[in-house]
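Trainee: According to TrEMBL:
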| type | residues | note |
| --- | --- | --- |
| TRANSMEM | B:21-40 | transmembrane segment |
| DOMAIN | B:26-422 | domain 'Oligosaccharyl transferase STT3 N-terminal' |
| TRANSMEM | B:87-107 | transmembrane segment |
| TRANSMEM | B:119-139 | transmembrane segment |
| TRANSMEM | B:145-162 | transmembrane segment |
| TRANSMEM | B:174-191 | transmembrane segment |
| TRANSMEM | B:203-229 | transmembrane segment |
| TRANSMEM | B:241-260 | transmembrane segment |
| TRANSMEM | B:272-291 | transmembrane segment |
| TRANSMEM | B:303-328 | transmembrane segment |
| TRANSMEM | B:365-383 | transmembrane segment |
| TRANSMEM | B:390-406 | transmembrane segment |
| DOMAIN | B:539-596 | domain 'STT3/PglB/AglB core' |
Amino acid sequence: MEAWIRARVTLALTLFALLFFVSRSSPPRQFVISNAERRIDLSSHIINVHLTLKVENTGTRPASEVVLALTPTEVDHLAMVDALAIKGKRKKTTSVHLEVKPTELPDAPPIDAKYFTIYLADPLNSGESTTLEVLYVFMHFLEPFPAEIAQSESQLVFYHDTALILSPYHIKQQTTFIKTPSTKVESFIRVEPTNRVGTEIKYGPYEDCPPYSISPIHVHFENNSPFAVVEELVQEIEISHWGNIQVTEHYTLVHAGARHKGVFSRVDYQSRQFSNGASSFRYLLARLPARVHSVYYRDEIGNISSSHLRTNSLKSELEIEPRYPLFGGWKATFVIGYGLPLQDFLFESSDDKRYLNFTFGCPLIGMVVDKLTIKVVLPEGSTDPSPVVPFPVEHRLEAKYSSLDVIGRTVVVLEKKNFVPMHNSHFQVYYTFNPIFMLAEPLMLASAFFMFFVACVAYIHIDLSIRK
Amino acid sequence: MSNSSTSDLLKPFKLKTKQQELLISILCLVYILAFITRLFSVLRYESMIHEFDPYFNYRTTLYLTQHGFYDFWNWFDYESWYPLGRIVGGTLYPGLMVTAALIYRLLHFLRFAVHIREVCVLTAPFFASNTTLVAYFFGKEIWDSGAGLVAAILIAVCPGYISRSVAGSYDNEGVAIFALLFTFYLFVKAVNKGSLAWGLASAFGYFYMVSAWGGYIFIINLIPLYVLVLLITGRYSMRLYVAYNCMYILGMLLAMQIRFVGFQHVQSGEHMAAMGVFFLMQVFYFLDWVKHMLSDTKLFQEFLSITVTCAVAAGGIALGVGVASGYISPWTGRFYSLLDPTYAKDHIPIIASVSEHQPTAWSSFMFDFHILLFLFPAGLYFCFKRLSDATIFIVMYGLTSMYFAGVMVRLILVATPAVCLISAIAVSATVKNLTVLLRSKNKVAQIGSTKGTSSAKASSKASLDQSQPFQKNGAMALLFGAFYLLSRYATHCTWVTSEAYSSPSIVLAARGAHGNRVIFDDYREAYFWLRQNTPPDAKVMSWWDYGYQITAMGNRTVIVDNNTWNNTHIATVGRAMSSYEDEAYEIIRSLDVDYVLVVFGGVTGYSSDDINKFLWMVRIGGGVFPVIKEPDYLVNGEYRVDKGAAPKMLNCLMYKLSYYRFGEMMTEYGKPPGYDRARGVEIGNKDIKLEHLEEAFTTSNWIVRIYKVKPPNNRW
């Protein structure tokens, strides 16, 4: 292990040294970051990085595009990036949401990096400065080491980063705070000045860092928070204009932490709860909308009896327990289904269309979803569906045949990869629907029964015998 | 046409329709009743498949609906009987699966988006409902429509039938009892009518029965026996000739289409009776013809003796040659065990080890039939009083099936329809007699009061009634008694259904300390763990009881399962379980096993676990491998697991796997650790070390324990 770390560090340092010489040129050098503060929260397996940048325009022209740089590995694990502009002085600050888009820079950067551009609401004039707050959310970024642990061991993970913020701009002063879930930190690389107090490691302040300067570090620490990852979630929302919305959610849940190795002993697990299986988890909490009814929780082989539902007028909470506790690498698949009153979620828009207003997200709390598919099944006979989602998703149309369907129902399929709870927001699906279609199925049933009775009556009254 | 003539025409019609309406509505209610009384398990638990065998049926049905009929027919299952595999299409009765798949297709065609599981769960109740209709028609055929109605009601709730046809009990019997009764009904109808069409229909009924259940052997032996009885009692007729020949020949040809049955109709000892009777029928017909041609009776007598001797001799020689040359297989062990109840115990432990193959106790007759047990002899009396071809049939069916029900618990099922029908005759005849008595007296009184003059017969009857003043009251009392008994029967049936026969046995339910319901869902916990967290090609070794469930729910390969077609393979598993760990490890390695699964009830007090089944493993293992000796596991003929247990018992693999680390466990307050609640003793070996296996998973109530087989140690 030591050798391995050393090799990595040497490599990184060589790269780092090289970079100092190579670093020049590249993006619009209009900005200088006068002060940068980064707070990295490692307390769960979803990593939040809060970056506060004080950006100053040192160029001659007003500019409105601030570029952020991330390493390719970071981009691979990036679930979300969000930027706010902070205005006003202390205690009277207002924040404005800014648009962030991935961009390519024309001139080859000295380091392999990917870029995001923040579009400021008002261009920054020469000499002016502003404060930006950037939130990065990473998933699957902590590397369990050792990769396999036994039941009684706790889970140790690596966090890799650089002590200096990767940026295409010159940074005058910067500090990085790393918060670990507990005080148990096995090792971390010091880049002086470095200071560790309690659960926090402070890197910096560093002065006058040229663009693209990095200084690789790692933190090896204990993290026993449940690494619960939903590999795939398919949520089906079926609208019935008879007053019900039926939601069915198919989960593939996995414990993405260090893999479980060797024995699973029930007697140890039952009698020594805290020292045993510290990184495993048993309970999950799903927050469902209020007025939820007919909730079920089952899997391919039947109902799972370990669940509790608590409802009140504002929200409903469903506590579920998979059939067995999940240790590292163990999987569980299950289905949650529930019904909702239609009037809470379906509205009529001004242009005679109807729209469904529903939460885009995973009801399980604190859950990372690798692939989230939402299928909105519109009633039979509805036309021109159009989804409105606050962030980019893939969408397509499908057809589904449910009970008593003749022409099939239109299904709007929305797909999002790398979903984190911060994405939770509302989305809408607009469509037109003629209420006459509601009568189709009852009429079909009624006529079928009518035909049956007519046939019976005819059979009783008609004498089919040949001889009299 | 004038108005009056139409009303004249309508008058009898109206009366008839009123009766018909009543009849149809009663039948509809019985139909619904038969269905809903079987839904207890769905309401109490959930819509799930029960027990063991139904899981195989469910799995094959799933395969059939997903891959189509041809793939199903040619299916070679790699997931069972590893490394041998199983030719599924050729070793099962496909009737049940095809029926369920057809219902599923039909519902989907009608745009009902149901899951195949729901169809499978509700197949048995649906067919039970259909059976009530058949019972009605059958009762009508052998007695009258009143008896038919009573039979329909009795069979709808009879516990003997419900035990195998509750919702979720997706087994062959659920469909087969319907097919059995239907075939019998069609055959009796064919005998009564002498029509080729009914004979053909009964052949198709027989085909359906053959495709559904191995119990068709009962039909193919009962019908020839019945025909033989008719021949002997001089009831031979052209109707019988037509019905039997048509049914036998066509039924045989059709049955040959089922791969599992194949040419057994002409090659196996169990089917030879039917063939013998078939030839006998031809001889009879021939003799009849000769008798018709010859006017001289003396000559005919001589001819008769010669022909009969020749025919019997020829048949005997053919049978002898067939058996000697091996063309005709001798009777199988299962068949022997039916004729001789002690046979299985001595020769085939694998049959004897199944609880439903045990001889029936009196209490279970009472439990399953209740008052029918007393009505049955009464019904037989009525049948003998009014002998006809049809009543002879039902009497024979009743008597033979009652015998078989006494031999094996599960054959109570076969006897149930006969018992219901015969009891229905008793009830219907009694009630009819009583009501006729009550009504006729009223009528006489009425006639006497209105007209004054009455016929001699009526007056004599009236005087007879007057001479017995208590007759009316007696009839009333008897009638009330009958209704009381029948209502007791209904309550009993409902109680039995809800208490005894509606538990899925996969999910165990118990009452907690506060009266709340505690559910032990350990089986599914373990199977689902296997399904999700083991390599897809992992091989699981367990006792054969759990084979079907592991393949269906766990989706993993098993070494042996409930099909029990290969005794040696099962004995190998039994041997592994009853050997010391290092010996067992070699067997396990040779079978390429990755996981070993045992069922253990010591924590919860669940008594049908592997330790309690263990002696059967020893017996079956010892039957093939004489190294395993039953006395090694017993102390003075006593089976125990505590300190006084036999040393081999305390160190065999099954003991170790069941009780591994159980010694540290406190199961009950005030008892020492390692107290086995299923057997009520403290275990004898608390310091169990495993060398070649390691605990991979134990369910929350310890009912299922799964061990991983470690790879062999490095030699250097």
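Cβ coordinates are placed from backbone N, Cα and C, and glycine is handled just like the others.
What you are looking at is a predicted structure, and each value in this text was computed from that prediction instead of being measured.
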Trainee: According to DSSP, how is the domain 'STT3/PglB/AglB core' (B:539-596) divided among helix, strand and coil residues?
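Mentor: So the domain 'STT3/PglB/AglB core' (B:539-596) is made up of 33 helix, 8 strand, 17 coil.
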Trainee: Among B:21-40, B:174-191, B:203-229, B:241-260, B:365-383, point out the range having the most Cβ pairs under 8 angstroms from the transmembrane segment (B:119-139).
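Mentor: Answer is B:174-191, with the largest number of Cβ pairs below 8 Å.
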Trainee: Using a cut-off of under 8 Å between C-beta atoms, tell me which stretch among B:87-107, B:145-162, B:241-260, B:365-383 contacts the transmembrane segment (B:203-229) the most.
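Mentor: The stretch I would name here is B:241-260.
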Trainee: Find the member of B:145-162, B:241-260, B:272-291, B:365-383, B:390-406 that has more C-beta pairs under 8 Å to the transmembrane segment (B:87-107) than any other listed stretch.
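Mentor: Ranking B:145-162, B:241-260, B:272-291, B:365-383, B:390-406 by Cβ pairs under 8 Å to the transmembrane segment (B:87-107) puts B:241-260 first.
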Trainee: What else in the chain is close to the transmembrane segment (B:272-291), if you only count residues 6 or more beyond its ends and a Cβ gap under 8 Å?
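Mentor: Cβ under 8 Å, 6 or more out: 220-221, 223-225, 227-228, 231, 236, 240-241, 244-245, 248-249, 252, 265-266, 300, 303-304, 307-308, 311, 315, 319, 328.
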